[in-house]
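Structure first, commentary second.
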Amino acid sequence: MRWNHGSLELLDQTKLPTTIEYIQCDNYQIVAEAIKKLEVRGAPAIGAAAAFGYVLGAKQFQSLELKNFISRLEHVSEELRATRPTAVNLFWALDRMDNLLRQHLQKKSSMKEIIFSLEEEAIRIADEDKKVNCALSKYGAELFKSPMNFLTHCNAGALATVDMGTALGVIRQTYADGHVKRVFADETRPLLQGARLTAFELTQDNIPVTLISDNMAGWVMKNKMVDAVIVGADRIAANGDVANKIGTYSVAVLAKEHHIPFYVAAPSSTFDFSLDNGEQIPIEERNKNEVTHVLGTQIAPLEVDVFNPAFDVTPHALIAGIITEYGVLKEDYKKSIQELKQKLEK
Ligand SMILES: CSC[C@@H](O)[C@@H](O)C(=O)COP(=O)(O)O
């Protein structure tokens, strides 16, 4: 994503890999729609996009009286929050924007100062994401000191973040260190983020990648073709349970059965310290069309009943480590996540 003097440019991820098309967001409504439609997707990316959406909203209403400006901006924040429920980075970024606004109101800052400062904060959120991903990628790469075959699910790459990626960031760094033999990318039904986006990113970077359909993961593991699994996350509870793209849980169970370490890579902004465990994570359910159709082509009777959860929760007991910008967290997750929280509060 690119912020160009008051306009947010998003690469339309629904069109990849066949078409490279950018969406110009000149108002917050376009950003909200882009998040809902998954034109921008991936937990850190939607957090940063929402922060820029907030700035666009502030600019749209700057001609109003301060009281009306504030109430419109509260509405902007609510609308952006209502776009997707699971990735906590969205709420984390909007909390930062709301808190900053509150501080300015206490200080009785001028409208100009408020808008300038909100824009700075959104830029900071985006810049921090790049740095954080580089840091966690380095920690992750230290885990893999000999040439490895990886498997990943969904897309936790540069497209899902501001840059570099989380799970793919670790893979990129490990590849740069000479320790990636091959990456197996699950296609990731229903919306094919693995086939369309992960396969795209890795081929662009010349990292050896083999695309498999989701139901092949077990067989690939059984045939000793995978040494480690690494995925991203949308929300991590205080006990280390991880919500990520639907299908992640199945991959984690398969990895356990085949004695393959299963890692999660995520920035600290993906932790929800307020939730004791993964059962409390809200799981988005999406339109049935996503399952009855593939890329617009109908593959099932339209009247069939469909269940379409966009995410699942992997219990912490299946996770070998959670790679963050502060290092790799391991069991006891409750303790290591509590320590992370304290570090962030300092
Ligand atoms: C670094 S992105 C991590 C997660 O957000 C990613 O794995 C994922 O599940 C994205 O889901 P999506 O529905 O495509 O937004």
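Heads up, the Cβ atoms here are built off N, Cα and C, so glycines get one too.
The 10 Å shell around the Cβ of G42 (substrate binding site) contains 29 further Cβ atoms across the protein chains shown. What TrEMBL records for R41, G42, A43, R84, Q193, N244, K245 is substrate binding site.
What TrEMBL records for C154 is site 'Transition state stabilizer'. DSSP gives C154 (site 'Transition state stabilizer') a coil state; it is part of no helix or strand.
For D234 (active site, proton donor), the same-chain residues lying six or more positions away in sequence with a CB closer than 8 A to its CB are A43, T86, A87, V88, N89, A243, N244, K245, T270, F311. Per TrEMBL, active site, proton donor is recorded for D234.
Checked against ligand 1, the recorded positions A43, R84, C154, Q193, N244, K245 give A43, C154, Q193, N244, K245 in sequence order as having a Cβ less than 6 Å away from one of its atoms. One way to see the shell of the substrate site is to take the Cβ centroid of R41, G42, A43, R84, Q193, N244, K245; the remaining same-chain residues with a Cβ within 8 Å of it are I46, A87, C154, N155, A156, A160, G232, D234, A310, F311. For the recorded site, A43 (substrate binding site), the DSSP three-state label reads helix. Q193 (substrate binding site) falls within a helix when secondary structure is assigned with DSSP. Here the Cβ of A43 (substrate binding site) has 27 other Cβ atoms within 10 Å, regardless of which shown protein chain they belong to.
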